[in-house]
Amino acid sequence: MTIQDYGRFSGHSLREVTISDGDVSLAVLNYGATTRDWRVPLSGQRVPVVLGYHDPAQYLSGTSYFGAIAGRVANRIGDARFSMQGQTYHLAPNDGRNQLHGGPVGLSRVFWEIEPNGPSALRLRYDSPAGENGFPGRARVTVDIQLDGFCVTYDMRVEVDCVTPISLAQHNYYNLGGGGAIWDHHLRCTADRVLEMDDQGIMSGDISPVDGTRFDFRKMRSFAQADATRLGIDHNLVFEAGRDVSQPVCEVSAANGLRLKLWSDQPGAQLYTAAAMEPQDGGLDGQAYGAASGFCFEPQGFPNAVNIASFPSVLISPDMPYAQKLQVEIKGD
């Protein structure tokens, strides 16, 4: 384990803790609880399997949410407002008139406390004050990250002092090829439905089957096969009801033999192929990132659930704290 200090920014120390197990390593920043680098062995080398900036300070101005914890409420809340218990809450918008990933100073845009939590583990904490980005109540957020062999576990918990919405998402961009585009990656996912949305990405409340669409990955196929026009996918998939949560909810394979397996206890996930990502320099190992340089698979509660009564609730309370467990394994065949 190593701990590095990259200097002070806005009165805070920018720090990184790197944990390792054998030839696998994971570097996590205290800014945004960001997974900056994840390396696995392949053909005698250690290759990056997530997108990240070489210079940690670049995260302070980045807009792609590389590796961050998104929240208090991940994804979009329509018109940046919701009503609860007879009161309407007006949130801080940061995506046109809507709110995205918790607002302009959401969990991905703040400095967390970070500390080792064992030989291959670390703990991050952030105390979000009442009213931050417009949300009611204080929220004490804890993220435990554990590396065990080739598997990384993100254990996310939130305690609050009143009823308030919470729905976090871990926002890694994966690229199992160590670089280039991800169109040749193959995905299998146990999602049989997709949430319908408007042209601003706001969920409408309608849910449609994936049969015959580019969102049907129940049998493994490449992103290129699913999306032949390369229009891009940025949609919320709904996992099969009654699925066995002890089994991976998705598997991804690359031509080099690396394979990703992901386990989740959430009802669905945002699948994003980053087809519209703007070119940006400064990536890991000198890479320049652009369209389809990585994909995101972000388990979370249903987006905009605070405004759609038919969706599973994302409201929590002092008696019902929030918990999400995400496990991701990346290794060769």
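Using N, Cα and C of the backbone, Cβ positions are placed for all residues, glycine too.
Just so you know, TrEMBL annotations are computer predictions that nobody has curated.
Some features that TrEMBL has for this protein:
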ACT_SITE  HIS171  active site, proton donor
ACT_SITE  GLU298  active site, proton acceptor
BINDING   ASN75, ARG76, HIS171, ASN172, TYR173, ASP234  beta-D-galactose binding site
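For the residue listed as 'active site, proton donor', the spatially nearest entry among the recorded positions ASN75, ASP234, GLU298 is GLU298, judged by CA separation. The two recorded residues, TYR173 (beta-D-galactose binding site) and GLU298 (active site, proton acceptor), have Cα atoms 9 Å apart.
According to DSSP, TYR173 (beta-D-galactose binding site) sits in a coil region rather than a helix or strand.
Binding residues for beta-D-galactose (ASN75, ARG76, HIS171, ASN172, TYR173, ASP234) extend across at most 18 Å, taking the greatest CA-CA distance. In sequence order, THR35, TRP38, VAL50, PHE66, GLY67, CYS296, VAL328 constitute the residues six or more apart from ASN172 (beta-D-galactose binding site) in its chain with CB-CB distances below 8 Å. Within 10 Å of its Cβ, the residue among the recorded positions ASP234, GLU298 with the fewest other Cβ atoms is ASP234. Residues within less than 8 Å, Cβ to Cβ, of ARG76 (beta-D-galactose binding site) and separated from it by at least 6 positions along the same chain comprise ASP95, ASN98, GLN99, LEU100, GLN200, GLY201, ILE202, MET203, PRO303, ASN304.
Between the alpha carbons (Cα) of ASP234 (beta-D-galactose binding site) and the residue listed as 'active site, proton acceptor' lies a span of roughly 11 Å.
Cβ neighbour count for TYR173 (beta-D-galactose binding site): 23 (other Cβ atoms within 10 Å of its Cβ, all protein chains included).
The CA atom of ASN75 (beta-D-galactose binding site) is located 10 Å away from the CA atom of the residue listed as 'active site, proton acceptor'.
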